[in-house]
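Written below as structure tokens is the structure these notes are about.
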Amino acid sequence: MGKNVVVLGSQWGDEGKGKIVDLLTEKASAVARFQGGHNAGHTLVVDGKTTVLHLIPSGILREGVTCFIGNGVVLAPDALLKEMKGLEENGVPVRERLRISPNCPLIMPYHVALDQAREAKRGSGKIGTTGRGIGPAYEDKVARRAIKLADLFRDDLEEKLRNLIEYHNFQLTQYYKVEAIDFDETLKLCKEWKEEIRGMVTDVTEDLNQLRLAGKNLMFEGAQGTLLDIDHGTYPFVTSSSVTAGGVSTGTGIGPLYLDYVLGITKAYTTRVGSGPFPTELFDDVGAHLAKVGHEFGATTGRARRCGWFDAEALRRAVVLNSMSGICLTKLDVLDGLEELLIGVGYNLPETECAGAHDAEFYEAVTPKYETLQGWSESTVGITNYDELPENAKIYIKRIEALIGCPVDIISTGPDREETIVLRDPYDA
């Protein structure tokens, strides 16, 4: 029988999921995205060549791997076609390898306009969205008025679209005081999208299930990170989808008992893009060092990432939320040369009448408890054998394992897929 492996972020995103998915797809027959949209940014480095993917699963570069976009993803057809074009220009046969659920809600021009108008109106209180229409698209889905990919092929598309544009234009022009979205232009776009995407639409749930029954290895690729989950993250500074392992089943239709292994991708320190609380954030030279050496700039937005010490307490919670089987520790090499390393081992909690919130107010109010470990001067860049790691690096890894109650199964020591230590392969676990 094959194995079904989930790969997801365990912090605030940007943990290095793309590289690990690309690495592990050597043993997978299919890779499926199950949530989010083109707000994700997965960077792959293969033989020194960098590819950034926002919507298409990271397995697309592997010959013989089928990539699926599940119903939990909000689909921006214009972004998809642009990404496809870039890959095809580099010789990747995307149309042969990519399949898309007809149940994906579409990100329309009015969603992008709403997203950007809302952020502008919030001023200093902005959430820090990517401005790509993700939130408003999920909003329409939950309100049961979304235009889904399937609607492009149905006779009532024009009526649905006209009603929706009228509804959203009222908000845009009357409340946000910005330009209205043109109906005719949007309808024309929909007709173009239909023809471009037609050959890739499929019943993703059934296709994945048939692969499972045939004993094939499957992979489910998460976007963003656990602490950005709509339910379990630092609300309201979160994304609009279910980022945790539970989102796999709702976002693809593959039931939870069919999932064999959950891998949490985790940086050896902590980063966050945009607004929101960050208990272990650094504002000193060490924070600047992590940002510089770690090249901490968002693949989607280009925004500088905030950097801080490893937060073991936040990760311990992520392990529980996702029932993680193991973690992959990335960017260990960024810590090379630091004399001391601090780990956030817990929080000093404020008095409250409402325990267990774990939202933005909770994380703003806590102060971290730190434990200090000795760093290492040796380079870990490109090491592929655990025994070759500096002794203090091993101590750091073992301490993390003890604090979070989960084994470190993979260690990344550089951006290339080959610069990796695999202690336990998820497909062999």
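In case you wondered, yes, glycine gets a Cβ from its N, Cα and C as well.
According to Swiss-Prot, the feature GTP binding site maps to 13-19, 41-43, Arg305, 331-333, 412-414, an assignment based on sequence analysis. For Asp14, Glu15, Gly16, Lys17, Asn39, Ala40, Gly41, His42, Thr130, Arg144, Gln224, Thr239, Arg303, the entry in Swiss-Prot reads IMP binding site. Per Swiss-Prot, the feature Mg(2+) binding site maps to Asp14, Gly41. Positions annotated as active site, proton acceptor by Swiss-Prot: Asp14. According to Swiss-Prot, the feature active site, proton donor maps to His42. Summarising the annotation, Swiss-Prot assigns substrate binding site to Ala299, Thr300, Thr301, Gly302, Arg303, Ala304, Arg305.
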Report summary line: Sequence-ordered list of residues in the chain of Leu332 (GTP binding site) that lie 6 or more positions away and have a Cβ within less than 8 Å of its Cβ, or none, is Ala268, Thr380, Ala393, Ile397, Ile411, Ser412, Thr413
Report summary line: Between the C-alpha atoms of Thr43 (GTP binding site) and Asp14 (IMP binding site), the distance in angstrom, to the nearest integer, is 9
Report summary line: What remains of the binding-site residues Lys19, Gly302, Ala304, Arg305 once a 10 Å Cα-Cα cut-off to Gln224 (IMP binding site) is applied is none
Report task. Based on Cα distances to Lys19 (GTP binding site), point out the closest of the binding-site residues Asn39, Thr130, Ala304. Result -> Asn39
Requested in this report: For the binding-site residues Asn39, Thr43, Gln224, Thr413, work out the Cβ neighbour count at 10 Å and name the residue with the minimum.
Outcome: Thr43
**Report entry** Residue pair Gly13 (GTP binding site), Gly41 (IMP binding site) - Cα distance, angstrom, rounded
**Finding:** 9
**Report entry** Candidates Asp14, Gly16, Asn39, Gly41, His42, Thr130, namely the recorded positions, that fall within 10 Å of Arg305 (substrate binding site) by Cα distance
**Finding:** Asp14
Query raised in the report: When neighbour density is defined as the number of other C-beta atoms within 10 angstroms of a residue's C-beta, which of the binding-site residues Gly13, Gly16, Gly41, Gly302 has the lowest density?
Result: Gly302
Report task. Using C-alpha atoms only, work out the spacing between Asp14 (IMP binding site) and His42 (active site, proton donor) and round it to an integer in Å. Result -> 8
Report task. Quick one: of the binding-site residues Gly16, Gly302, Ala304, which has its CA closest to the CA of Thr130 (IMP binding site)? Result -> Gly302
Query raised in the report: Nearest to Gly16 (GTP binding site) by Cα distance: which of the binding-site residues Asn39, Gly41, Ala304 is it?
Result: Gly41
Report task. Note down the number of other Cβ atoms within 10 Å of the Cβ of Lys19 (GTP binding site), including every protein chain shown. Result -> 25
**Report entry** Rounded inter-Cα distance in Å - His42 (active site, proton donor), Gly302 (substrate binding site)
**Finding:** 13
